Amino acid sequence: MPGIVIVGVQWGDEGKGKATDLLGERTDWVVKFNGGNNAGHTVVIGDEKYALHLLPSGILSPGVNAVIGNGVVIDLEVLFAELGALQARGVDISRLKVSANAHIITQYHRTLDKVTERFLGKRMIGTTGRGIGPTYADKINRTGIRVQDLFDENILRQKVEGALDQKNHLLVKVFNRRAITVDEVVEDLLSYAERLRPMVCDTGLLLSQALDAGEVVVFEGGQATMLDIDHGTYPFVTSSSATAGGAATGSGVGPNRLDRIVGIVKAYTTRVGSGPFPTELFDENGDFLRSRGFEFGTTTGRPRRVGWYDAPITRYATRINGITDLVLTKLDILTGLTEIPVCVAYDVDGERFDEVPVNQSDFHHATPILEYFPGWTEDISTARTFEDLPVAAQEYVLALEKISGTRISVIGVGPARDAVVVRHDLLD
Ligand code: GDP
Ligand code: IMO
Ligand code: MG
């Protein structure tokens, strides 16, 4: 089972980093295939806590080859800061490979991200402000800067000139900002070129060869299904393909190399930024989940919006991604609730919807139809087998499995690497 994709089911922060890390010891390669430093993955190993943004979480496992794929957008300052911080903590970063075709986030992308948001006012998306959207927009517009451009100053200069010709009009005339000079951008990018050069290669070729040799490759998705540019709650989404299809295009291997698709889903739901969220809570239950689950963004520190588990979303994600296994995380956070509501369908202006409505306005108006399950009070953080869980927790998991339509193979019962109940081996 060599090609394994990890994708978020909901709106991100489901615990994808921990899931990748969990597979780390039995993995040969980990590739990040979408997004950039908008992601934030917290991984806890023993007493050590790591927060990763741009690098795939698999880099924390000794012996794993880490890859930044062509589908990623790279902020070079962040890349080297993150590498430096890991190296200072004794993590081996020598096996990182970076795709020559990945796009580069520059100063003007970051500036445009922030000013566009400010301009949108009440209609803002609530982006992370890292320049993600404008960089992907340039990629699609064919005015982007790629990693390989850094090794030919002439080409780099021409491309930056071309991009700034347009962008400076926008920055100065529309957004009332100062113009950005070609020299400052080129100089900044070139300052990283020599450090980057040894990492750069045809990563699609490397990964295909690894798969041919029967090695295990984990494709680590950033963001999640409901933030996907095509399948998420557009326009309140990120600008990349965060679903399983993106694993093939974003890393340069054929879709038939993706053998298993693992969806990571929280035992409740969270969202950062604007957009529809049918099960969102504004009461003391919301405060309970936010404080117990420590639901504050790893990247921006923003409090996350919280709500109950939404089964139609899991069914939707299963269909869009072809999910074969679910990892249910943060079950321990629900301990102490007398009853646990689960959304099984939506009510949209009096009409019942069993699946996610295709019309975005309907989804905005959707209110959850809830079913209630008994809670438990026992501490479950030391459970390591399904039978160790209290009966009510077992029943909650079995109910979610049934309404979601996919087997729950792993259950998270705490932040630590070993705080899991494995029901089915993800690599089998
Ligand atoms: P990602 O972006 O999907 O990698 O998720 P984040 O790292 O942003 O957020 C998930 C948070 O939940 C992290 O702080 C993890 O350490 C933590 N976490 C993951 N799984 C569990 C779990 O089963 N129980 C608890 N209590 N925390 C978990
Ligand atoms: P991980 O990988 C949660 C959200 C932002 C915003 C929208 C667009 O940690 O799950 P962007 O900066 O990408 O243009 O912002 O997407 N967002 C995330 N929310 N987890 C993430 O990543 C996210 N990455 C982007 O909050 O609503
Ligand atoms: Mg996160």
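Note: Cβ is positioned from N, Cα and C throughout, glycine not excepted.
Record check: TrEMBL places Asp13, Glu14, Gly15, Lys16, Asn38, Ala39, Gly40, His41, Arg142, Gln223, Thr238, Arg302 at the IMP site, and the matching candidate among Thr128, Thr249, Thr314 is Thr128. Close to the recorded substrate site, the chain also has Gly40, Val272, Phe296, Gly297: residues not among Thr298, Thr299, Thr300, Gly301, Arg302, Pro303, Arg304 whose Cβ is within 8 Å of the site's Cβ mean position. Checked against ligand 2, the recorded positions Gly12, Asp13, Thr42, Thr300 give Gly12, Asp13 in sequence order as having a Cβ less than 6 Å away from one of its atoms. When the recorded positions Asp13, Gly40, Thr128 are checked against ligand 3, Asp13, Gly40 have a Cβ within less than 6 Å of one of its atoms.
If you count neighbouring Cβ atoms within 10 Å for each of the binding-site residues Thr42, Thr128, the highest count belongs to Thr128.
If you compare Cα positions, Gly40 (IMP binding site) sits closest to Thr299 out of the recorded positions Lys139, Thr299, Leu331, Val413. On its own chain, Arg302 (IMP binding site) has Gly126, Val272, Gly273, Phe296 as residues at least 6 apart in sequence with a Cβ closer than 8 Å to its own Cβ.
Under 6 Å, Cβ to nearest atom of ligand 1: this is the test, and of the binding-site residues Asn38, Thr300, Gly301, Arg302, Pro303 it is passed by none.
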